[in-house]
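Taken from Swiss-Prot as is:
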type: BINDING; residues: Asp29, Leu30, Gly31, Thr122, Tyr123, Phe124, Glu125, Leu153, Asp154, Ala155; note: 7,8-dihydropteroate binding site
type: BINDING; residues: Gly59, Lys60, Gly61, Thr62, Asn257, Arg289, Asp302; note: ATP binding site
type: BINDING; residues: Ser83, Glu146; note: Mg(2+) 1 binding site
type: BINDING; residues: His173; note: Mg(2+) 2 binding site
type: MOD_RES; residues: Lys188; note: N6-carboxylysine
Amino acid sequence: MIIKRTPQAASPLASWLSYLENLHSKTIDLGLERVSLVAARLGVLKPAPFVFTVAGTNGKGTTCRTLESILMAAGYKVGVYSSPHLVRYTERVRVQGQELPESAHTASFAEIESARGDISLTYFEYGTLSALWLFKQAQLDVVILEVGLGGRLDATNIVDADVAVVTSIALDHTDWLGPDRESIGREKAGIFRSEKPAIVGEPEMPSTIADVAQEKGALLQRRGVEWNYSVTDHDWAFSDAHGTLENLPLPLVPQPNAATALAALRASGLEVSENAIRDGIASAILPGRFQIVSESPRVIFDVAHNPHAAEYLTGRMKALPKNGRVLAVIGMLHDKDIAGTLAWLKSVVDDWYCAPLEGPRGATAEQLLEHLGNGKSFDSVAQAWDAAMADAKAEDTVLVCGSFHTVAHVMEVIDARRSGGK
C-alpha cells in the first residue's frame, strides 16, 4: 500500500508536497542525525566548493540575495536555498538567480525517497536534501544556505559552512530556541565552524555568540568591531581589515543586511571586483521585503511578522512622503508576538483591515483587533485586500503585512485575476 501512495519522479510537484507534509510525525523535529545519514547516502554534504550559511531572526533572505547578486556579477555560478516560499515551492531553490522547473524538484525528491530507506524526514529536511542534491547536479562554484529555524539543529547545518553569518537576534520562535536573546544567540551560532569566519550583523550581540565562537575556534567578525558601515543620504561606506569601500550605491534591501552580506563576502577570500560589488548591491531585490508594487494608490508588500521587523518597517514607512492615509491589510500567526508587532505599526497605520490566516497556527481577525482597539475584520485575506483597495484613494498607501502567508495570499489573488482577465 505504501508503495502505491509514494509519488514517482514524474508525479506532479503538488503530489510530492502533499506526501512530504504527511510523511513525518512532527512538523518540526530539530536534530541532525536522520538528515545527515540520508545526506551521506546521497553524497551531498559538500554541495559546492564554497558554502555560505546564513542564520538570523530577520534579514536572512535579503542578506542571501545580496551575496547571490554580487557573486553572480563577479562571474561565479551560484545556488541559493531559502525558505519559506511566498507563492511557489520552486522559489526555495535558485540557480543563477532562476527557479528550477518543477520536474527538477520531483526528480530530486525521487532520489531522496530511494536513498532514505526507512529513515523518516520532515518536510523541511526533505526540502533541504533536495536543494543540496540539485546544487550538486548543477556543478556550482558557490552555494548560499538560508537556515530555516535556529541554526545548531537546523537541517542546513549538516553542511560545513566556509563562512557562517548571523544577521540579527530578536525574540521569535521562543518555543524552540529559548526564551531570551542569549539562548537564541547560542542556537544561531551553532552554524560556526573552527578556523572559519563567523560574521555577526547584530549590533547588540548576545555574549553567547562570542562564547560559541570561542568554543568552536571560529573567527568572529562583529559589526561595530571588526567591520562597520556608515550611511549618507545618497551613498554609504564600508570598512573592515581589508580597507574601506566608499560611495557605494544605496541598496534596495535593508541597509544592515547589505552591509552584513558585504562583510561575509570580504571575509570569504573569494575574488570579487569593486565593480561587481557595486553592481550586485544595486540590483539585489527580494519580493515581499518593502516591495512597492504600484502607485496611486501606493501598494507595499512586507512580510514583517515580529517586533524587530515591524520596527524596521515602521521606520521605512515614516521615511516615505505622506500625503494620504495608510491602510493596512494584516493577518498573523497566533504564535508570533502580535502585541509587540502591532505596537510598532500603530504609529504609521490609520486604518486596519484584519484577516484570519488558515491553518492551526493562524490568528483570527478578532485576535488582532483585541490589540488595535479599532479596525475592520474580514473572513479572508482576499476580502480584506478588496475592501482596502476599494476604500483607498489615489494619494493613500495600502500596506500588506504581518506574515509571509498574508503577502502570499494577496500575490495569489492578484496573479489569479491577472491571468483570468478580471
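Heads up, the Cβ atoms here are built off N, Cα and C, so glycines get one too.
Positions of the features from Swiss-Prot, shown on the structure.
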residue : record                           : DSSP class
Gly31   : 7,8-dihydropteroate binding site : coil
Gly59   : ATP binding site                 : coil
Ser83   : Mg(2+) 1 binding site            : coil
Glu125  : 7,8-dihydropteroate binding site : helix
Asp154  : 7,8-dihydropteroate binding site : coil
Lys188  : N6-carboxylysine                 : helix
Asn257  : ATP binding site                 : helix
Asp302  : ATP binding site                 : coil
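Across the structure, Arg289 (ATP binding site) and Lys188 (N6-carboxylysine) are spaced 22 Å apart at their Cα atoms. In sequence order, Asn58, Thr63, Arg65, Thr167, Val253, Pro254, Leu286 are the same-chain residues whose CB sits within 8 A of the CB centroid of Gly59, Lys60, Gly61, Thr62, Asn257, Arg289, Asp302, the residues recorded for ATP being left out. Counting neighbouring Cβ atoms within 10 Å of each of the binding-site residues (Thr62, Ser83, Asn257), the lowest count belongs to Ser83.
In this structure, the C-alpha atom of Asn257 (ATP binding site) lies 13 angstrom from that of Glu146 (Mg(2+) 1 binding site).
Comparing Gly61 (ATP binding site) with Glu146 (Mg(2+) 1 binding site), their Cα atoms are 7 Å apart once rounded.
Nearest neighbour of Glu146 (Mg(2+) 1 binding site) by Cα distance, taken over the binding-site residues Gly31, Tyr123, Glu125, Asp154: Asp154. Note: the Cα of Thr62 (ATP binding site) and the Cα of Ser83 (Mg(2+) 1 binding site) are spaced 12 Å from each other.
Note on proximity: among Lys60, Lys188, Asp302, the recorded positions of the record, the Cα nearest Asp154 (7,8-dihydropteroate binding site) is that of Lys188.
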